[in-house]
């Protein structure tokens, strides 16, 4: 049983002081409640390896389910449009991308709520709502109803994307985060690749509605696993609960969490809600990384929303076979995931051993590789589909796009976690919102772009834009630390 202690210190210092200029200062010096030393088992950083990895595996599974929900329906789009009598072909991309539009709304509210009330209640709520809206999509009787529930399905899907990285920040010290994040990242990137493979054969055999029933079943598994396994990981919430126990045990109201700012609930709520926007507007690093990832993410959804038509029209794939076209990206994601995740931690340990100082910028070198792999993949895919070279060749080209995407996604995610510490969820929410907006809107230009320029020059245009952004990677490597630490660019959170 806990006994009240004041001024304890320990492993939580790693959480709050990971080279972040966003550390929380103590505002109430009366009996600040902290962990009971560096080995306190209540501190998530000190949980057993099994307990940590079990939690990460469950949140990775939940993220996988909500992410494949974005594309599992893609091969069934033509069947849905035909059933509801929709003839506008531009809506084919819209019914897929509107799900991603939901990611632009949810994180702005749910990430701040998680920093006020904890990660796990938000995850449980997400599971329930995602289950409800998946069923609602399955039973929709007209196009308008389907679009509304599809949007709400996307809104309810976003918490695992936003909070997964925050939970890894809670559970893992910096030198272990790359490996952990690489496991979790299978969800947001591999999920949209696996979705069409499953959905293609479902649409062909039992109809497009079953893609949503299947998603609902998988979400039920998520809800049960969450209830059985997940426990709160966010240090400020855990320490506030501990302080509340002490206040109840002793009758002394002076016991406060070391994270307590002595502010009213209303003021804390206001701070939490505006925090992601402040990060985006006032932190150049957050803005640059968000824009960089947004371009790459939108390219993925260019591919996700056009694969069906490209491989059905040019290569004669059935709606079941067309899902296989996504596997090239999947192979690239897996290669990049483990390559970047493990090498990133090794590189950080090497630099830390040499300099004795942990810098978030140690995570950024793979961005340079990404700047060249993605254009190569786009040129390869575009011109081989334009010339109708054997279908395996363009799919091989997308492997480079998959590796390049991971070389950007993982470093950016870990960088934000390492930089913003206890506010990692808000930083990741900002990145999620911006990239999702691009991912939802820009792919709508895909069909008219490829109709006007063809697949060769259309994808070449995307590749040239990607190449023009490559200097950003070198700029961040050289000047990232200066911008991050300069007083002019510090954001009061």
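Yeah, the Cβs are placed from backbone N, Cα and C, and that goes for glycine too.
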For the annotation transmembrane segment in TrEMBL, which listed range does it cover: 9-27, 28-46, 180-198?
180-198
Going along the chain, which residues at least six beyond the ends of the transmembrane segment (280-304) come within the CB cut-off of under 8 Å?
70-71, 74, 96-97, 100, 192, 196, 326, 329, 367, 370, 374, 378, 381, 398, 401, 404-405, 408-409, 412, 415-416, 419, 427, 430-431, 434-443, 446, 462, 465-466, 469, 472-473, 475-476, 480, 483-484, 489, 491
Cβ pairs under 8 Å between the transmembrane segment (53-74) and the transmembrane segment (457-477), at least three:
no
Do the transmembrane segment (389-410) and the transmembrane segment (180-198) share at least 3 Cβ pairs closer than 8 Å, excluding pairs fewer than 6 residues apart in sequence?
yes
Counting a contact as 3 or more Cβ pairs under 8 Å, with residues at least 6 apart in sequence, do the transmembrane segment (422-445) and the transmembrane segment (154-173) touch?
yes
Distal contacts, the transmembrane segment (154-173) - CB-CB under 8 A, six or more residues away:
14-15, 44-45, 47, 52, 55-56, 59-60, 62-63, 66-67, 69-70, 98-103, 105-107, 110-111, 114, 119, 122-123, 125-126, 129-130, 132-133, 180-181, 184, 187-188, 233-235, 413, 416-417, 421-422, 424-425, 428-429, 432, 436
